[in-house]
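Pulled from TrEMBL, these are the features on record:
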DNA_BIND  30-69  DNA-binding region
BINDING   GLY104, ILE105, GLY106, ASN107, LEU108, GLY109  NAD(+) binding site
DOMAIN    93-194  domain 'CoA-binding'
Amino acid sequence: MSQRANGSGFATAGPDFPDLPEATVARLPEYLRALHNLAEDDQDTVSSEGLAAAAGVNSAKLRKDLSHLGSYGTRGVGYDVQLLIEQIEQVLGLHESRAVALVGIGNLGHALAGYAGFATRGFHIAALFDADPHRVGERVGTMTVRDIAEVEAVVDAERISIGVIATPAHAAQRVADRLVAAGVTSILNFAPCVLVVPDGVDVRKVDLAIELQILSFHEHRKSALTALPAKAVGQ
Ligand SMILES: NC(=O)c1ccc[n+]([C@@H]2O[C@H](COP(=O)([O-])OP(=O)(O)OC[C@H]3O[C@@H](n4cnc5c(N)ncnc54)[C@H](O)[C@@H]3O)[C@@H](O)[C@H]2O)c1
């Protein structure tokens, strides 16, 4: 759910960078996860059908997506798992571990700060911030929660480009403005609100309640489809 689109639906590209549809960019991490699982099972190659099934997409879409990376696989053999991992990681910019700042160390912030999965997926949480004096100074794992007033200095010192917002909605825009002023150029927003950011800053939003509401729609539709027609009731 990117909040920013450039109109063409394509991710902005530089001269040596493949022009990728946003939908392809969104599927690349799924392929990467599936490929890592295959590599862990010592699988050297995978067919487009096998990888598509593992990633939960259709194989024609997968072949098209990977063709954007110049990856076509070998007829009768499929894709080289390790090579494809390297290509996708290169395009996603995961060859270097990216420093992330997490703002709002409440219930959600604690859970995110303790999630070990970021490190293996190309990210490390470099700083934790909160505005509550009772939270500032608290130890969370190996880190100490800092005062949000330090954000400019820390973002600069730790070369942080991505900020994660886990504050209440009423504080999120102010936090986003501060992160952007400090030099952050990508924001992952957990607060249930729309953020306004300048051009050049990317925002993605995560909202489990919206996902549940979409599932609710499907539940609603299924029950409508399976309901007996009114006149059949009682016959
Ligand atoms: N996206 C999702 O699926 C999802 C799921 C759960 C919660 N949320 C949202 O995540 C946010 C956090 O939820 P929570 O349960 O952890 O809340 P919480 O109240 O436990 O924690 C919020 C923290 O933000 C801090 N804070 C407030 N204003 C701040 C500011 N200006 N600068 C820095 N820190 C500030 C508070 O001191 C507190 O520690 C809420 O907006 C909630 O709606 C989203």
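Cβ atoms are placed via backbone N, Cα and C, with glycine included.
In the shown protein chains, 24 other C-beta atoms lie within 10 A of the C-beta of ILE105 (NAD(+) binding site). Note: the NAD(+) site is recorded as GLY104, ILE105, GLY106, ASN107, LEU108, GLY109; in the same chain, HIS110, ALA111, LEU112, ASP130, ALA166, THR167 also have Cβ atoms within 8 Å of that site's Cβ centroid. Only residues 6 or more beyond the boundaries of the DNA-binding region (30-69), in the same chain, are considered here, and those with a CB under 8 A from a CB of the stretch are 18-21, 24, 77-82, 84-85, 87-89, 91-92, 94. Using DSSP to sort the residues of the domain 'CoA-binding' (93-194) gives these counts of helix, strand and coil: 35 helix, 29 strand, 38 coil. Sequence-distant neighbours of LEU108 (NAD(+) binding site): residues of the same chain at least 6 apart with a C-beta under 8 Å from its C-beta are ALA166, PHE190. Using DSSP to sort the residues of the DNA-binding region (30-69) gives these counts of helix, strand and coil: 28 helix, 2 strand, 10 coil. Long-range Cβ neighbours of GLY104 (NAD(+) binding site) (same chain, at least 6 residues apart, Cβ-Cβ under 8 Å): PHE129, ASP130, ILE165, ALA166, THR167, PRO168, ALA171, VAL175, PHE190, ALA191. Residue with the densest Cβ environment among the binding-site residues GLY106, GLY109: GLY109, by other Cβ atoms within 10 Å. Model confidence over the DNA-binding region (30-69) is summarised by a mean pLDDT of 94.
Neighbour count (other Cβ atoms within 10 Å of the Cβ, all protein chains): 9 for ASN107 (NAD(+) binding site).
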